[in-house]
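Asker: Below, the features straight out of Swiss-Prot:
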| type | residues | note |
| --- | --- | --- |
| MOD_RES | Ala2 | N-acetylalanine |
| LIPID | Cys46 | S-palmitoyl cysteine |
| LIPID | Cys53 | S-palmitoyl cysteine |
| MOD_RES | Tyr67 | phosphotyrosine |
| ACT_SITE | Cys106 | active site, nucleophile |
| LIPID | Cys106 | S-palmitoyl cysteine |
| MOD_RES | Cys106 | cysteine sulfinic acid (-SO2H) |
| ACT_SITE | His126 | active site |
| CROSSLNK | Lys130 | SUMO cross-link |
| MOD_RES | Lys148 | N6-acetyllysine |
Amino acid sequence: MASKRALVILAKGAEEMETVIPVDVMRRAGIKVTVAGLAGKDPVQCSRDVVICPDASLEDAKKEGPYDVVVLPGGNLGAQNLSESAAVKEILKEQENRKGLIAAICAGPTALLAHEIGFGSKVTTHPLAKDKMMNGGHYTYSENRVEKDGLILTSRGPGTSFEFALAIVEALNGKEVAAQVKAPLVLKD
């Protein structure tokens, strides 16, 4: 069976942990992850001044699709940049239309709202993004640390990054693989 494939869209101002932890955990699970720079292949400055080098530009990564999951990290500026991107809208619409998984964390889910993705779904966000996410009544809000409703998977923030990543692994590769990946991470149960 071919490896599952993930596209992580990295925008300037993305939250570092919400980017790197899911990438690392998915790769541990054998998922082929492409970190795609929204503005190109140049290094991206994240919200806490950590610089991440994308694997590809979003334009090039899009040509290699489709992906089993599209992942949107949070960070206020990162989420704003994702929300304002026509390329992100196109990728999310294609992913939704082909019934592919879409995962977003922290402020990242606000890009779903901006691009009219997953309306009617139960979602969660960082507490400070809740009001923005609920504007217009297009979603049902959950206080869960990770919420999966059909093909929309959302999470709350940096402190839920491991749970978010493991939920993606479980959705793509099953509970057994997620448990195998989790065990050596020495996470608190």
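The backbone N, Cα and C atoms fix where each Cβ goes, glycine too.
As the structure is a computational prediction, the values presented were derived from the model and not from experiment.
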Asker: Measure from the CA atom of Ala2 (N-acetylalanine) to the CA atom of the residue listed as 'phosphotyrosine' and give the result in Å, rounded to a whole number.
Answerer: 12
Asker: Between Cys53 (S-palmitoyl cysteine) and Lys130 (SUMO cross-link), how many Å separate their Cα atoms?
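Answerer: Cα-Cα distance, Cys53 (S-palmitoyl cysteine) to Lys130 (SUMO cross-link): 30 Å.
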Asker: Around Cys106 (active site, nucleophile), which residues of its chain at least 6 apart sit with Cβ under 8 Å of its Cβ?
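Answerer: Result: Glu15, Glu18, Pro73, Gly74, Gly75, Ala79, Thr125, His126, Ala129, Ser155, Arg156, Gly157, Pro158.
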Asker: Count the Cβ atoms, other than its own, that fall within 10 Å of the Cβ of Cys53 (S-palmitoyl cysteine), considering every protein chain shown.
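Answerer: The answer is 11.
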Asker: Check each residue in the chain of the residue listed as 'SUMO cross-link' that is at least six apart in sequence and keep those whose C-beta is under 8 Å from its C-beta; list them in sequence order.
Answerer: Tyr141
Asker: What does DSSP assign Cys46 (S-palmitoyl cysteine), in three states?
Answerer: coil
